[in-house]
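One structure is given below, encoded as structure tokens.
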Amino acid sequence: MAAPTLEMEPVEPQSLKKLSLKSLKRALDLFSPIHGQFAAPDPESKKIRMSHKINVEYCGIKTASGQTSRQANSGAADTGNQGSVPSNSLALTGPADSRDSQKGGAQNALVVGPSLQPKGQNDVGTSGKSSAITSASAPFSERLTTSAIIERIPSKWPRPVWHRPWKNYRVISGHLGWVRSVAFDPSNNWFCTGSADRTIKIWDVASGRLKLTLTGHIEQIRGLAVSSKHTYMFSAGDDKQVKCWDLEQNKVIRSYHGHLSGVYCLALHPTIDILLTGGRDSVCRVWDIRTKMQIFALSGHDNTVCSVFTRPTDPQIVTGSHDTTIKFWDLRYGKTMSTLTHHKKSVRAMAPHPKEHSFASASADNIKKFSLPKGEFLHNMLSQQKTIINTMAVNEDGVMATGGDNGSLWFWDWRSGHNFQQAQTIVQPGSLDSEAGIYALAYDVTGTRLISCEADKTIKMWKEDETATEQTHPLNFKPPKDIRRF
């Protein structure tokens, strides 16, 4: 005789939503057995509630009766406070679960604060069979977040100054190779450009006409500077040569020998007759202009020194390198004062502010602003150009321009770091689109004109659009939510 088999009852498969609803119902029945009564008022929470200041219609939050709470409030005021609906409470409504509708068709509502339903409608709740819908299953616009109760704190981030957008008003062609460097004459009458065609050309600022062509380098010219005290111009190039040109005779009068590889950047000290050059030999060399002697070889970088600027006070020399660091140098002893390691990529460009004691540095990861003389990190610029930034310049009005390898020319508000314009250079006819690269930028002495030197062999001149107003070009600024401290 066969043994009797025990039949197991089949387990009903339940969805996660169903299980969570069951758990919610159990919790609601446990902690809130008297659904028809209001909770005792809490004076402390009433102080911090800000829901009466919020436009609830805009939030899309509805009361249990289907009205927005503003409509419910006005209705309650008209009927003379019947005691059924408090004026400042909110509720979320949602579709009833199909299982609950079979059991009794009770409306499911998650009540925030006091209940919105009159006592007579809540008979189902007293029997323990009420159900609550989770805010997760309600549509996004109908979820009540804590932002409705928390008071908004205004951002302490400085609001940017409105600047006019810049426009290209002149294109100068004349070089036969990439234009790699630019420098303005202190009298603001002319500017000079150095190119991969191994020539230096001098142009008239007002008309854009060519005044002079100087030859002497045997490789592309990476750095240029014009002295404000002498009639001298200095040039540096990939041929390891640093030259001093006398502009009265238009010829080379001094050469500074010592670099072991190409020279990538060059700067003149504002008060002392010394010249600074940095190059691929990872050294920044300090030269006496008059005697041609090398005063210091500032060694400490692990890779190419590609940007340098000088100041009249300590730190008098600041260098940026492909090793991602920025170094401050003590000119008296020829030693490093401090090293900034904030960047993750090569620091190809730096620009000191003409008035403030601060400077900006650019690499492919970010544009960062630092204070001087200590080098404290202030903040990142609020957008990322997402390209290799070859050059940058700042004028006295606080407009910073950065030029990228992809031909992007972005304009920034210095104080807030807001990017107010993103221009894209247009290559001259006959050039490839890949030749849209900006290698050098310089403002004139007044700061009202900007010159960009580009890979399509042209020099472009930019100025502010005089017709623009705050109405035609409104400021689209959102303060940052998370401020990075590095």
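Every residue gets a Cβ built from N, Cα and C, even glycine.
Marked as region 'Disordered' by TrEMBL: 65-135 (among others).
Summarising the annotation, TrEMBL assigns compositional bias 'Polar residues' to 65-91 (among others).
Feature annotation from TrEMBL assigns compositional bias 'Polar residues' to 118-135 (among others).
The repeat 'WD' annotation in TrEMBL covers 172-213 (among others). Same-chain residues lying 6 or more positions outside the repeat 'WD' (172-213) and placing a CB less than 8 Å from one of its CB atoms are 219-226, 228, 233, 235, 237, 245, 250, 428, 437, 439-446, 449, 451, 453-455, 457-461.
Residue counts for the repeat 'WD' (214-255) under DSSP (helix as H, G, I; strand as E, B; rest coil) come to 0 helix, 24 strand, 18 coil. The repeat 'WD' annotation in TrEMBL covers 214-255 (among others).
Away from its own ends, the repeat 'WD' (256-297) comes close to residues 219, 222-225, 227-230, 232, 234-244, 303-312, 316-317, 319, 321, 323, 329, 331, 334 of its chain (Cβ-Cβ under 8 Å, at least six residues beyond either end). Residues annotated as repeat 'WD' in TrEMBL: 256-297 (among others).
Across the repeat 'WD' (298-339), DSSP classifies residues as 0 helix, 23 strand, 19 coil. For 298-339 (among others), the entry in TrEMBL reads repeat 'WD'.
Taken residue by residue, the region 'Disordered' (466-486) breaks down under DSSP into 0 helix, 0 strand, 21 coil. Taken from TrEMBL, the feature region 'Disordered' applies to 466-486 (among others).
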Next item on the list: With DSSP as the yardstick, break the repeat 'WD' (256-297) down into helix, strand and coil residue counts.
Entry: 0 helix, 23 strand, 19 coil
Check: Which whole number is the mean pLDDT over the repeat 'WD' (298-339)?
Finding: 96
